[in-house]
Amino acid sequence: MMGALELESRYRALLDAVACSGVLLKRRQQSIVSSNSFITKADNSIVTTADLESQTLLVDALVQFAPSPFSIISEEEGEFARPTEGSLWFLDPLDGTAHYAKGRLDYAILLSEWRDRRPVFSVVHYPATGELGWAHEAMIGFESSVVTGTPSVLTQLCYISDENLRSDVQRRTGGACVQDATESTRALFDLAAGKLSGAVIQVCGHGAWDLAASTHLVLASGGFVCDESGAALDMNDPTVTCKFVVAARDRAMGLLLLGALNGKSYAG
């Protein structure tokens, strides 16, 4: 595990920008809840002025600190002009807007840099709880408010109601506890922090900005991430084309979960 001071200055500056965006979101939440003010987008999700203010702050920080050339794919603005080379930044300035607009605390900021389809730098921040984790290539760090430790035997199934899959996961993992979950970002963050042993996520409306940062944290923690075919996730445009994401504390556990998902057995 690494400390923030070991990061390059530009990445430390981006960590500071994410923290500032978190302060902004905390400050704006009560007024958003009180006014019940939001816009419904074409996909029936919502956006608030806080989303847009957070995005402006973070895009400005990228323009100032990210090395050129680069492009940004954001939930709220789609894709900015993409150069033929350089980094691709995925940004969700407010993950969990519906919860945020109801006054709930389970919302996050997601920022992730990928280059040549590989993760370079990522941040996941839960402003309301102060939790923040980041990854730089294969190194990972957490703020002191994040409790880390030896992975539990708990596996979470996100957005999945298949009883056969639940039973098969328990059978293949020796009766390990399986729990339903409705927040893929939280599941992946907790997995990277050592609070889970695995997660199987059904992709349902996810954009690349929803998965890029949190899957990078899992990989940097020494974990395993793949799609339903066993292939690495391909983060190169806004669309997530896979149907499932399988993540685990290590490759052996990942292959057990992949086997449960597909009804097959995979050699480690």
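The first residue you see is number 1, and the count goes up from there.
Glycine residues also receive a Cβ, built from the backbone N, Cα and C atoms like all the rest.
TrEMBL does not curate its annotations; it predicts them automatically.
Here is what TrEMBL says about this protein:
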- Glu75, Asp92, Leu94, Asp95, Asp210: Mg(2+) binding site (BINDING)
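Under DSSP, Asp92 (Mg(2+) binding site) is assigned to a strand (E or B) in the three-state scheme. Working note on the binding-site residues Glu75, Asp92, Asp95, Asp210: by count of other C-beta atoms within 10 Å of each C-beta, Asp92 ranks first. All protein chains included, Leu94 (Mg(2+) binding site) registers 28 other Cβ atoms within 10 Å of its own Cβ. Secondary structure at Glu75 (Mg(2+) binding site), taken from DSSP and collapsed to helix, strand or coil, is coil. Within 8 Å of the centroid of the Cβ atoms of Glu75, Asp92, Leu94, Asp95, Asp210, where the record puts Mg(2+), the same chain has further Cβ atoms from Leu91, Pro93, Gly96, Thr97, Ala108, Ile109, Leu110, Gly207, Trp209.
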